[in-house]
């Protein structure tokens, strides 16, 4: 066996007298135990592709070397790494003794480095009684300085990133800490001396016979003015509530603490109230002096007359259609939807009222234009020119009810000219009282005034119904949940009728063409023209009969 693994080695030679080339003799020879041992000692031939095999471990070399034994080398390596691990554990133990887990201390609440800062930050602004201005200012300044130093210096003296002896800020901080410690030590030394010098309470030296006397003494000599808490000044603290929020009923209100400069002091409020009272009294006295005896008391009769002459004041309220505000603590979403629906309806009503007012203004303007045109037309007519009924249309906006007014006015104009007969076919029986003596006057000048019927024409007071017009609201149509029950919603959907706005501006386009709003007015106008033709024919007939000497019956009122 080779001494080293890297040295090449060969198989041992065959025994003497053994012919390997002759297979027959090999099979015929008898093998003994010695041959079997030699066969076992012969190593196996390594394949060409495999690396050379190592020597057998159980075969001992001629001279044993501990460095060449793999087991010995492994034992040495294990012991070496065990020593390194032990040294590392000892070093970590030494570091752990010097190391402080600050995160764990903060979690446990035992961090000693920031006790002073935490004490100031937690108790400076939460006192039962408000401190004085100087104490408040000094505490706030000290707290602000500690915060800035902690941010700038990166912690306390032991763990700061600044270099000792080179940073001026660190030097100032160390000096301030030394000065504060010396001051605290001096106060602690002086405190026992002051306690010893403190006298006893004078109340203990005085003997009181009654409890009333003791209470009087305490009220006179030991009463102290209570210090006010600055947070409870008038107007200092207020509640902030978001009214636009849908869940404002259940939300917790936010408290707002105003600055002391924004809050008025008690002295200023008292002075202001006193000045207001004095000024109001002086104003009242001066008004009495200016009026003198004019403002004397009236007698009962004069007082009654004065009250009768005084017109009643109109109660003008610009918000009369809105209603009173009734706050409620619990509102369901259904109530909120109902209120929104009512608000939308009120907005629509206001829009409709404005549109109606604009339409009335336009109608008045058109009426003025018609009056001016009639005046000009009247000036152009000749004095004895007869009216052309068929050629000149009349602008009458009134419906069929305007005929009664027209006949009544004609009766007043032509009273006494002729009798009343044959007009029953034109009028209803109940209209006879209104017509009166249609031809009462014989000296009628109706034919001399061709523009009389134009003067009698009046416009209709009927307004266009804009309730069905689509106002163009952006809030959209009403849905099922805007109504309380299904019946109300069904009734609304059955009666809903909305026309586009263009239908009221340009009319509705039908099969025979576009018909505007004047369509109904032209029909009334044609009906009025037909009735006027019949009345004119009756007037002519009565005139001829009266000219021929035929007696004509006159109606009685």
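Even glycines carry a Cβ here, placed using N, Cα and C.
Listed in Swiss-Prot for this protein:
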- 16-25: compositional bias 'Basic and acidic residues' (COMPBIAS)
- 42-53: compositional bias 'Low complexity' (COMPBIAS)
- 294-303: compositional bias 'Basic residues' (COMPBIAS)
- 304-313: compositional bias 'Basic and acidic residues' (COMPBIAS)
- 332-398: compositional bias 'Basic and acidic residues' (COMPBIAS)
- 98: N6-acetyllysine (MOD_RES)
- 137: N6-acetyllysine (MOD_RES)
- 287: phosphoserine (MOD_RES)
- 417: phosphoserine (MOD_RES)
- 460: phosphoserine (MOD_RES)
- 485: phosphothreonine (MOD_RES)
- 536: phosphoserine (MOD_RES)
- 1-84: region 'Disordered' (REGION)
- 181-205: region 'Disordered' (REGION)
- 294-403: region 'Disordered' (REGION)
- 342-375: region '17 X 2 AA tandem repeats of R-[ED]' (REGION)
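Least packed by the Cβ count within 10 Å, out of the modified residues 98, 137, is 98. The residue listed as 'phosphothreonine' and residue 137 (N6-acetyllysine) have their C-alpha atoms 66 Å apart, to the nearest angstrom. Residues in the region '17 X 2 AA tandem repeats of R-[ED]' (342-375) partition by DSSP class (helix H, G, I; strand E, B; coil) as 34 helix, 0 strand, 0 coil.
Here the Cα atom of residue 536 (phosphoserine) is found 74 Å from that of residue 287 (phosphoserine). Following the DSSP three-state reduction, the secondary structure of residue 137 (N6-acetyllysine) is helix. The Cβ neighbour count for residue 287 (phosphoserine), using a 10 Å radius and every protein chain shown, is 10. Looking only at the modified residues 485, 536, the densest Cβ neighbourhood within 10 Å occurs at 536.
When the alpha carbons of residue 98 (N6-acetyllysine) and residue 287 (phosphoserine) are compared, the span between them is 90 angstrom. Each residue contributes its Cα atom, and for residue 137 (N6-acetyllysine) and residue 287 (phosphoserine) these two points are 52 Å apart.
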